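As given in Swiss-Prot:
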type: SIGNAL; residues: 1-16; note: signal peptide
type: TOPO_DOM; residues: 17-531; note: topological domain 'Extracellular'
type: CARBOHYD; residues: Asn26; note: N-linked glycosylation site
type: CARBOHYD; residues: Asn27; note: N-linked glycosylation site
type: CARBOHYD; residues: Asn39; note: N-linked glycosylation site
type: DISULFID; residues: Cys58-Cys290; note: disulfide bond
type: DISULFID; residues: Cys71-Cys83; note: disulfide bond
type: DISULFID; residues: Cys106-Cys151; note: disulfide bond
type: CARBOHYD; residues: Asn181; note: N-linked glycosylation site
type: DISULFID; residues: Cys294-Cys318; note: disulfide bond
type: CARBOHYD; residues: Asn302; note: N-linked glycosylation site
type: DISULFID; residues: Cys490-Cys494; note: disulfide bond
type: CARBOHYD; residues: Asn500; note: N-linked glycosylation site
type: TRANSMEM; residues: 532-552; note: transmembrane segment
type: TOPO_DOM; residues: 553-567; note: topological domain 'Cytoplasmic'
type: LIPID; residues: Cys557; note: S-palmitoyl cysteine
type: LIPID; residues: Cys564; note: S-palmitoyl cysteine
type: LIPID; residues: Cys567; note: S-palmitoyl cysteine
Amino acid sequence: MKKIVLLLAIVSLVKSDQICIGYHANNSTEQVDTIMEKNVTVTHAQDILEKTHNGKLCDLDGVKPLILRDCSVAGWLLGNPMCDEFINVPEWSYIVEKANPANDLCYPGDFNDYEELKHLLSRINHFEKIQIIPKSSWSNHEASSGVSSACPYNGKSSFFRNVVWLIKKDSAYPTIKRSYNNTNQEDLLILWGIHHPNDAAEQTKLYQNPTTYISVGTSTLNQRLVPKISTRSKVNGQSGRMEFFWTILKPSDAINLESNGNFIAPEYAYKIVKKGDSAIMKSELEYGNCNTKCQTPMGAINSSMPFHNIHPLTIGECPKYVKSNRLVLATGLRNTPQRERRRKKRGLFGAIAGFIEGGWQGMVDGWYGYHHSNEQGSGYAADKESTQKAIDGVTNKVNSIINKMNTQFEAVGREFNNLERRIENLNKKMEDGFLDVWTYNAELLVLMENERTLDFHDSNVKNLYDKVRLQLRDNAKELGNGCFEFYHKCDNECMESVKNGTYDYPQYSEEARLNREEISGVKLESMGTYQILSIYSTVASSLALAIMVAGLSLWMCSNGSLQCRIC
């Protein structure tokens with residue numbers, strides 16, 4: 001009879017209704033790193049590091065770049081004859097110059113403060129070229145004879161288009177005294193130069209006067225130049241050299257020019273009609289007839305990601321450059337799908353695995369939820385409220401990171417002349433240091449956010465578990481794997497009340513108490529039965545062993561193998 005009662009109790013336990021709390025799992029192989037772990041597989045992740053570009057030069061926010069092709073900035077501004085296509089240029093978003101353009105200073109020489117001029121251009125979007133001293137106004141000097149084979153055009157000697165190389169006329173070079181008043185509302189970029197002859201013979205041949213000077217003055221400039229006559233190696237067939245200068249003439253200011261030889265006078269100036277964010281970018285790429293918000297020398301980036309690793313020099317609304325190769329942000333949960341387990345031959349049916357043992361691939365409509373089983377069947381149901389709150393929280397966090405990083409950011413290369421190499425090296429070291437720090441900060445940010453996200457999901461599952469536990473109290477048993485086993489019958493309506501937080505504890509408490517006491521009694525009685533059987537088995541085994549030893553002794557005495565003496 002006792003065995004029958006025990007069997008019925010076990011059968012009733014097997015058929016007990018259950019509800020489990022768990023989380024979503026899928027076939028994702030996405031992995032993220034956290035502060036504590038590496039290569040954590042998650043259900044969902046978002047890559048926040050852009051690694052691709054289109055390999056083209058594009059318009060920036062609809063404004064075309066000024067691509068100088070084979071011309072340098074100096075060749076463009078002075079008017080190298082091979083750069084005639086850039087005589088008048090429209091508004092530009094940025095300037096593109098090759099690393100070693102063929103059409104630079106056709107007549108050999110230097111451009112004074114060239115790097116500073118390029119820096120100035122990085123804040124300008126449009127020039128308007130205007131004539132300030134007409135070439136025809138030099139009646140006492142030869143204004144058309146100043147040409148060179150070093151600057152050919154259509155097979156003939158020519159010269160820079162925007163300046164005039166003044167030569168003596170009728171064996172005389174009268175002293176020049178000219179001034180120009182800037183009546184425009186905009187600043188003017190004005191260029192001029194000086195010729196350094198190869199020897200004294202060339203000096204008098206071109207300028208008549210053996211000793212000459214050039215004087216240039218504005219409200220902020222006071223310059224006096226003298227030619228440096230010296231024998232030099234030929235470059236582009238020329239032993240002479242030219243040195244060019246520039247200044248910014250403010251509105252209502254005047255520039256005063258005075259010279260008695262070797263003067264390369266300004267004819268055209270550039271009116272700065274629009275200032276703004278620009279850049280001079282070194283690139284060999286061609287124009288791609290495309291539009292972008294972010295341009296690099298390697299190509300355009302069209303991405304909403306907060307970081308990129310394409311090139312440290314950029315122009316436009318660009319992600320932050322980092323040296324990392326991988327930055328992946330966790331948006332989902334740890335992905336640990338439930339493993340199938342073999343059913344044991346005896347014992348209770350294993351509960352559906354909850355958040356301790358693994359996730360559920362069967363729950364596809366939410367991140368957290370329930371699995372129930374009763375006489376009416378079984379099934380999964382997502383907890384929509386906690387899932388939606390979690391989705392909103394993670395989405396807001398990702399968007400916040402992207403918005404913070406996707407700001408107007410320009411990082412263009414700085415150029416230094418030969419006398420500033422130590423400064424250039426120091427600048428590179430500082431920039432490399434900044435990039436290292438920024439890369440470290442970005443990687444640390446991702447690791448910390450991933451740790452917080454996964455902890456956030458774990459906390460949400462625990463909160464859902466506690467919500468059920470506080471409702472059921474002693475009406476159900478905690479199985480230790482995210483599941484509860486009811487001490488009472490719980491149909492679908494009862495299950496739904498647990499899920500939505502309206503479970504009526506008093507309604508089921510009496511039935512649960514009776515079943516709980518019955519199960520406890522069965523356990524105690526079965527334990528006593530097992531103890532009696534154990535004692536009986538021990539005594540019986542000992543008695544059987546004693547009988548076997550006595551029988552063996554009598555047999556050995558009878559055949560003489562053992563001597564028996566009775567005293």
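Cβ coordinates come from backbone N, Cα and C, glycine included.
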Requested in this report: Specify the count of other C-beta atoms within 10 Å of the C-beta of Cys151 (disulfide bond).
Outcome: 24
Report task. Check the Cα-Cα distances from Cys294 (disulfide bond) to the recorded positions Cys71, Asn181, Cys490 and tell me which is shortest. Result -> Cys71
Report summary line: Lowest 10 Å Cβ neighbour count of the disulfide-bonded residues Cys58, Cys83, Cys106, Cys494 is held by Cys494
Requested in this report: Whole-number Å only: compute the distance from the Cα of Cys318 (disulfide bond) to the Cα of Asn39 (N-linked glycosylation site).
Outcome: 29
Report task. Work through the recorded positions one by one (Asn39, Cys290, Cys490) and name whichever has its CA nearest to the CA of Cys71 (disulfide bond). Result -> Cys290
Report summary line: In this structure, the one of the disulfide-bonded residues Cys290, Cys294, Cys318 whose CB has the fewest other CB atoms within 10 Å is Cys290
Query raised in the report: Considering the disulfide-bonded residues Cys71, Cys490, which residue's Cβ sits among the greatest number of other Cβ atoms within 10 Å?
Result: Cys490
Query raised in the report: Taking each of the glycosylation sites Asn27, Asn181 in turn and counting other Cβ atoms within 10 Å of its Cβ, which one has the fewest?
Result: Asn27
Report summary line: Cβ neighbour count within 10 Å, max among the glycosylation sites Asn26, Asn39, Asn302, Asn500, goes to Asn26
